[in-house]
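K.L.:
This is the structure I want to talk about, given as structure tokens.
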Amino acid sequence: MRKKIILTGGGTAGHVMVNVALIPKLKELGWDIVYIGSHQGIEREIIGRIDGVPYYSVSTGKLRRYFDWKNFKDPFNVLKGVWQAYRLIQKEKPDVVFSKGGFVSVPVILGAWLNGVPSVIHESDLTPGLANKIAMPFATKICLTFPETKQYVNADKAVYVGAVVRDELKDGNAEQGRKMCQFDGKKPVLLAMGGSLGSKKINDALRANLSTLLAEFDIIHICGKGNIDPSLAGQKGYKQFEYVNEELPHLLALADIVVSRAGANAIFELLSLRKPMLLIPLSKAASRGDQIANARSFEKAGYAEVLMEEDLTNESLQAAIHRLYENKDRYQKNMEKAGASDPLQTLLAIIQDTARL
């Protein structure tokens, strides 16, 4: 009899990409797959491009670190989402639920618990996010990317897995990436990206330095939806993308160095590809500090240069990029020491074992 799994997670691409990595492996094993996400989250677009995975949406809310009248309404949206998820899980009868986090995952994990269906949560960041904190007491297993995270969760449920990276990222072709960007190959390539939603601060600082940086680098700029600068279209050596999907492996293969936010999925993908990285984590004022912890961990391991957002200026960005490029060989040697493991297979084994409970 075929096994069935419900996957959930969304809000940002980071809460979806582990699921994207799991889907082909689960299909190879003969699993039926269903996805539960939000009505309008980025997960709907990403999963919608994958054949054979039905998508259902439920109501959800979010945590805002500022006053908003929606903060009073959202708890009721979450309760509505729990009821919707409960009914969907009752109908689909999965053997197990897997969550990658994000606020849409809370109703789904609660719905699984109410139905007596075992669930597995994957926490990417060093410190757990609020959605996972709420959901963890109701989960069967908690898979960790950083071993240090064990101190923040129920140790009896916790399993260190490591970072799950999509196989296709390793299949990039630098020459194909060069053709996409129409670069001539005479300069090293700098790739800058601010996460799936983009980063105005990184975008502004990079563009303010553009003429200086273009003297030394060809630049790929993944700037986020709605953040293309039309005045820079056609600028030699500078290629803008709002968001990339199939193109990303080729662009990463082409890049010599990368400027990035410090979301866990992104930085572990860069680590797996041995890409020297300048990390600019979201500030404490704009987040719960998870990216700062991630960045400091990579800095301590010698994998990354770190520039705090509070210290981000046109001058500091330019100086940090130069330091990164000058020391790229050292960073790559440190990353080689990270060794090889297969977190995806470990995670699959945990999911299969949990489904048998």
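Residue 1 is the first one shown; counting continues down the chain.
Quick reminder: no glycine exception, Cβ is built from N, Cα and C everywhere.
If you look up Swiss-Prot, you'll see THR12, ALA13, GLY14, ARG166, SER196, GLN291 marked as UDP-N-acetyl-alpha-D-glucosamine binding site, on the strength of sequence analysis.
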K.L.:
Per 10 Å Cβ neighbour count, which of the binding-site residues THR12, GLN291 ranks highest?
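P.N.:
Its Cβ has the most other Cβ atoms within 10 Å: GLN291.
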K.L.:
Could you find out if DSSP has GLN291 (UDP-N-acetyl-alpha-D-glucosamine binding site) as helix, strand or coil?
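P.N.:
The three-state answer is helix.
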K.L.:
Neighbour count, 10 Å Cβ-Cβ cut-off, for ALA13 (UDP-N-acetyl-alpha-D-glucosamine binding site): what number do you get?
P.N.:
21
K.L.:
What's the number of neighbouring CB atoms sitting within 10 A of the CB on ARG166 (UDP-N-acetyl-alpha-D-glucosamine binding site)?
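P.N.:
Around the Cβ of ARG166 (UDP-N-acetyl-alpha-D-glucosamine binding site), 19 other Cβ atoms lie within 10 Å.
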